[in-house]
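Features of the protein shown, as given by TrEMBL:
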{"type": "ACT_SITE", "residues": "B:40", "note": "active site, proton donor"}
{"type": "BINDING", "residues": "B:33-40, B:150-153, B:179, B:187-190", "note": "ATP binding site"}
{"type": "BINDING", "residues": "B:64", "note": "beta-alanine binding site"}
{"type": "BINDING", "residues": "B:64, B:156", "note": "(R)-pantoate binding site"}
């Protein structure tokens, strides 16, 4: 197992990154909120293929949680994360405290209109401002050549890509495929919240996406596909639908009934008790 | 006279800056809207003292002008600017078009609450969002070590400093003193709008600031100082006061009647016809 440097301050991180740069290394960056699973590790794997020095951050960012959301109870296990990151070949693990990231009240907000508005933007007001702001700050700290994001958070990818384009941020965004459990449930740190019965029923999310794929391939209208998905998910007694949407990708505008060749995003958020799960599939019509 | 490279595209600029970096040069950056005067040139002079490779941008940024403001008629003279920049020793002049900076509708906004709200923030809604957004973008493009701003736009300096601190932008902000004409009028590209009579009366702005300095040194209350300034300025028949404020610096919060040792900003905006001039003085009480 290789040595993993764990660093808690911005200044110390910058020093290590300058040293890596002086050796001509290209920097890959995997921002996470920790409680690592195979989804995160697949990002590291991709980062190792494409860059020479992989920085992972673990920071549960309070700015991106609403007042009634799960910031306090969000799962944390730094010891385990550190071991997994080392095994995956992360070169530098950045684990700042909230006081290190936000020593005074943050007055600066990065907002992305348009792509941040539907889907989770509607269910979680302010969420994507918090995401854009912390990602921008992390990019300024790490100054990576490439940054790796899971496609499970498809809207987050769209927001970050829009921000990077608009502000000419010199970072290439690499979206990576969703990693799933054997029954199709998308890997998520929040899966740990689920009771055994909720966990079992959660498999309906992926089944509904597969069904959507088939129906859209048969040229069914998006509105009809959406109703069929709703019916399938509502058949699981513990599932409560937050949203199901079929949108153009990556601009996340309403999809026209007709139209071929364009990319579309089928996205959903479903609650099981207090736990909110999201999943999606990007398809070409 | 040295050779001045003039560059219009982001990609070409980045290439030149990479080349300078490879030679171990530290990058100084002077962002401007052009129509250069001695104030701008004093920024270049400071940049040349402190860094090895000076980039100046000239970009009249539409985002920071309100719909009824002077974006269209803002003075432009690239040929003259280019000559002055070369004479001052600028190494690289970046003159992007609006289409180069904003090829599609910009969806991303950088906002700074608090310091952007009083003074010009109140008179020019959205102005500092436009400033913060374009400065952030220019910083991403140029990636300077140090950036130089005139203290005439004291609130702009405060906004940029807050943004840089909050988002950990790896740029040192160097505020530079106001440069004045013989009669005390602060150098400004907008002075060219003034009629001879307006230009003459505009000298009252600096006189009012000097008076404020004296009165505050005599421990006069800020509210009284403000009234005296108002009276002095209103004595000029063409002057129309937009605001006169005395605030703590750099947080721009209301100043208490009592209090010593802290920095305060005396700031004003005054219209002469369609031309709006600003000026200020930073004092220690």
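Cβ from N, Cα, C; glycine included.
Locations of recorded TrEMBL features on the structure.
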residue	record	Cβ neighbours (10 Å)
B:33	ATP binding site	18
B:36	ATP binding site	25
B:39	ATP binding site	21
B:40	active site, proton donor	28
B:64	beta-alanine binding site	21
B:151	ATP binding site	18
B:156	(R)-pantoate binding site	23
B:179	ATP binding site	18
B:189	ATP binding site	19
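Between the C-alpha atoms of residue B:179 (ATP binding site) and residue B:156 ((R)-pantoate binding site), the distance comes to 16 Å.
When the Cα of residue B:189 (ATP binding site) is compared against those of the recorded positions B:40, B:64, B:156, the shortest separation belongs to B:40.
Between residue B:39 (ATP binding site) and the residue listed as 'beta-alanine binding site', the C-alpha separation comes to 20 Å.
Taken residue by residue with DSSP, residue B:36 (ATP binding site) is part of neither helix nor strand, so it is coil.
In the three-state DSSP assignment, the secondary structure recorded for residue B:156 ((R)-pantoate binding site) is helix.
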